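Listed features, source TrEMBL:
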- 12-29: transmembrane segment (TRANSMEM)
- 41-59: transmembrane segment (TRANSMEM)
- 71-91: transmembrane segment (TRANSMEM)
- 97-114: transmembrane segment (TRANSMEM)
- 121-140: transmembrane segment (TRANSMEM)
- 146-169: transmembrane segment (TRANSMEM)
- 190-209: transmembrane segment (TRANSMEM)
- 215-233: transmembrane segment (TRANSMEM)
- 245-269: transmembrane segment (TRANSMEM)
- 275-297: transmembrane segment (TRANSMEM)
- 309-330: transmembrane segment (TRANSMEM)
- 336-358: transmembrane segment (TRANSMEM)
Amino acid sequence: MINNFFTHPMRIFFLMSAACAVLGASVFFTPTDFVSLHKFIFLQLFLALAYAGFLLTGLTDWTNFQASLKIHAYILFSLFFISFILAFFSLFLAHCFIALFWLYLVLLCVYMIWRDKNDDQFGVLGFLFGILGFEIYYLISGNEKFLNLQVFIHVIAILLISYRVSVVLGKEALKREKGMDEAVFVPNFIYKNIAICCVCAFLLLNIFFEASLGVYYAAIACGSAVLAKLKEWHYKELFRHSFVLLYYFMQLFLAVGFLGIGFSGIFGLHLETNFMHLIAINAVIFSVMLIFNVAGLRHSGQELEFLRLSKIAFILVLLAGISRGILAYFWSGFYIHLPAMLIAIAFVFWLINFYVIFRDNDFSDDPE
């Protein structure tokens, strides 16, 4: 079974990523330097494994890559495991090995794209090089800003990848509607590109003009661009389906997070960190959970019907983001332990469902 998981690395990487999410949330209940450790686990281990699992499944389809991935999965898993162990002794060394993980993943993706002569995947390379660049600069400079700003690199990845996911979700929703067999859902790529450009501008302003009010106006532009994307979902035929509603709420909270950062900065409310956590939880972590469910079901021969525990898990992640990003302003009890507990339980629920699904079902190609 384990051998099969490495043959199709999406499975081992998704499972280990979810386990890291549980661990990253649980460190808040231990007498350690939980702030540094939780940042490393969530921004590095959790997301690195999630990207590896997704790209070693999706990018192989997009580039027609047919070679075995097992040796690459073993190498990436080894780098992750070494980094994981080192995290308890030296976060600097742990960051070094996770940087090697990102470097190997980037080079593997470059090879796949070059081999296929595929120029449609430059966006994927863009955010991968962005993550790698920020990680290397953080290692060289020790500037915590370049660790925190990685959240927004992942937002760019979400906007890019979720466009592809939205095509799948829209098509699946219409397929289940009576008399709409011929209907087609086509998301607006212009809104997606505008949103990505706005986030890139926000990042650049944060790097070079951190103290400028322009940072906050750029954040408002980001939120407005994401809100504009939402109107393409405003059809009752789409909203009847839970997977569409969950995707919609993820995008909505992403917009609220950016708007919150913008207005907080302009009016001096000092709530930027709260809203950044709202984005980190309800956009980044929630998106990973969404990908885990969609890809996990579709590549295991299952219908795109979220299981009961998975639906509860989505709600728990949303509540965690609201707790840390908004309610924490009113009462300190919402600040750390409640959102941490909710995230840990959410990913335990996902693990309960999908360990069994992966164990009992053969890996299948995407039905599309």
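Backbone N, Cα and C define each Cβ position, glycine as well.
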Maximum Cβ pairs under 8 Å to the transmembrane segment (245-269) - stretch from the list 71-91, 275-297, 309-330: 275-297
Seg_contact(the transmembrane segment (121-140), the transmembrane segment (215-233)) with at least 3 CB pairs under 8 angstroms, min sep 6: no
Top partner of the transmembrane segment (41-59) among 146-169, 309-330, 336-358 - counted as Cβ pairs under 8 Å: 146-169
Distal contacts, the transmembrane segment (71-91) - CB-CB under 8 A, six or more residues away: 6-7, 9, 12-13, 16, 20, 36-37, 40-41, 44-45, 48-49, 52, 56, 97-98, 100-101, 104-105, 108
The transmembrane segment (336-358) versus listed stretches 97-114, 146-169, 275-297: most Cβ pairs under 8 Å: 275-297
Interface-richest range of 97-114, 146-169, 309-330 toward the transmembrane segment (190-209), CB pairs under 8 Å: 146-169
Surrounding residues of the transmembrane segment (309-330) on its own chain - C-beta under 8 Å, 6+ positions past either end: 242, 246, 249, 253, 257, 260, 271, 274-275, 277-282, 285-286, 289-290, 293, 336, 338-340, 342-343, 345-347, 349-350, 352-353
Among the ranges 97-114, 146-169, 275-297, the one whose Cβ pairs under 8 Å to the transmembrane segment (12-29) are most numerous: 275-297
Sequence-remote partners of the transmembrane segment (275-297) [C-beta within less than 8 Å, at least six residues beyond its ends]: 10, 14, 17-18, 21, 42, 46-47, 50, 53-54, 57-58, 148, 151-152, 154-155, 158, 161-162, 165, 168-169, 243, 246-247, 249-251, 253-254, 256-258, 260-261, 264, 303-306, 310, 313-314, 317-318, 320-322, 324-326, 339, 343, 346-347, 350, 354, 357-358
